[in-house]
Amino acid sequence: MGPVEEKIYLESDEEVPLSSSQATTKINILLPFGPLAIMLHYLTGKHGWVFFFSLLGITPLAERLGYATEQLAFYTGPTVGGLLNATFGNATEMIISLYALKNGMIRVVQQSLLGSILSNMLLVLGCAFFTGGIIHHEKLQQFNKAAAMVNSGLLLMAVMGILLPAVLHFTHTEERNISTEDSDDEEAPEITRWEAIGWLAVLTLWVSVLSGYLVDAIGGASDSWNMPVSFISVILLPIVGNAAEHASAIMFAMKNKLDITLGVAIGSSTQISMFVIPFCVVVGWFMDKPMDLNFKLFETATLFITVLVVAFMLQEGTSNYFKGLMLLLSYLIVAASFFVHVDPSNG
């Protein structure tokens, strides 16, 4: 998920542009791990290390891809800018999903996108609430409760679109077994239009190359690490696209700007659930792959409960370190559940 393409006006009338580059320039030191992963692929064939270094190498590329998208959006209207943010802002997740679809790894696609939503709602928001609460322990941190509840409602609506196919499929299987945000953006761009387009092209190409090695190494990494593919897909893969959001959300929570933190975490989850997942389903149809919205009952139940937990945490319009701790513990429970969960599907 890319940076949020809007400014958020706080109660003090302070205008805060949200740019992932402000918080994540240090992760550029991970760039050399991309070429290293490719070298290991051809020299050693150790899939565990190839997967690990590919994961590290893609992380700064995903952040820069979001930054280039943000810069290009300055030169377009709000409609085109929103479309750019919804596509290139989530380019990393979509590219990895397309490679997995091409290889017939339907469950990896479903679980990685599900993991991105869970990571944003529990891990990112939990870390932000916890660090913000620790630093500002002397006062109560507040945010726009109405906007937070609207985002929670959108997420719940998206979850219904995933939950109902899973319940329908589960019921049908049981029976068969018995019988047989818009705003004006006036911030000046930092690079020119053609520089942004050039960076988008180069970064997209490089992410595509590394994503191929990353997806090809998933099965080998699962065997060498003795780790379920479902755990890798739900917990590890979302790190790639969400690292910049993690840093930005925590930074703004430390500055007591929770409205921006919520815009990053909840807004990212909403975009993935309402755009990226349907996009992958449509692409899967064109590729003649059995990609659908049937995310299985365990995954959809986990997502539904997570949305309810987050909505409960947001209903008061305040946050503290204990709420963040509860969200983090909830994420650990989810991670442990997927580590021991036996996936009934092998696709």
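Each residue, glycine too, has its Cβ placed from N, Cα and C.
In TrEMBL, annotation is done automatically, which means it is predicted and not curated.
Noted in TrEMBL for the protein shown:
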TRANSMEM  27-43  transmembrane segment
TRANSMEM  80-101  transmembrane segment
TRANSMEM  113-135  transmembrane segment
TRANSMEM  147-168  transmembrane segment
TRANSMEM  196-215  transmembrane segment
DOMAIN    196-338  domain 'Sodium/calcium exchanger membrane region'
TRANSMEM  227-253  transmembrane segment
TRANSMEM  260-287  transmembrane segment
TRANSMEM  293-314  transmembrane segment
TRANSMEM  321-342  transmembrane segment
Quick one: do the transmembrane segment (293-314) and the transmembrane segment (113-135) have at least 3 Cβ pairs under 8 Å, skipping pairs fewer than 6 apart in sequence? yes
Which sequence positions outside the transmembrane segment (227-253), separated from its termini by at least 6 residues, show Cβ-Cβ distances below 8 Å to it? 1, 3, 16, 18, 20, 22-24, 27, 51, 55, 58-60, 62-63, 66, 90, 92-93, 96, 107-108, 111-112, 114-116, 118-120, 123-125, 127-129, 131-132, 141, 214, 218-219, 221, 260-261, 264-265, 268, 334-335, 338-339, 341, 343
Most CB pairs under 8 Å with the transmembrane segment (80-101): which of 27-43, 196-215, 321-342? 196-215
Per DSSP, what is the residue tally for the domain 'Sodium/calcium exchanger membrane region' (196-338) in helix, strand and coil? 119 helix, 2 strand, 22 coil
Among 27-43, 260-287, 321-342, the stretch with the most Cβ pairs under 8 Å to the transmembrane segment (196-215) is 27-43
Sequence-remote partners of the transmembrane segment (321-342) [C-beta within less than 8 Å, at least six residues beyond its ends]: 111, 118-119, 121-123, 125-134, 137, 227-228, 230-231, 234-235, 298, 302, 306, 309-310, 313
Looking only at residues six or more beyond either end of the transmembrane segment (113-135), which have a C-beta under 8 A from one in the stretch? 1, 93, 97, 141, 155, 233-235, 237-239, 241-242, 245-246, 249-250, 252-254, 256, 258, 261-262, 264-266, 268-269, 272-273, 276-277, 280, 295, 299, 302-303, 306-307, 309-310, 313, 319-328, 330-331, 334
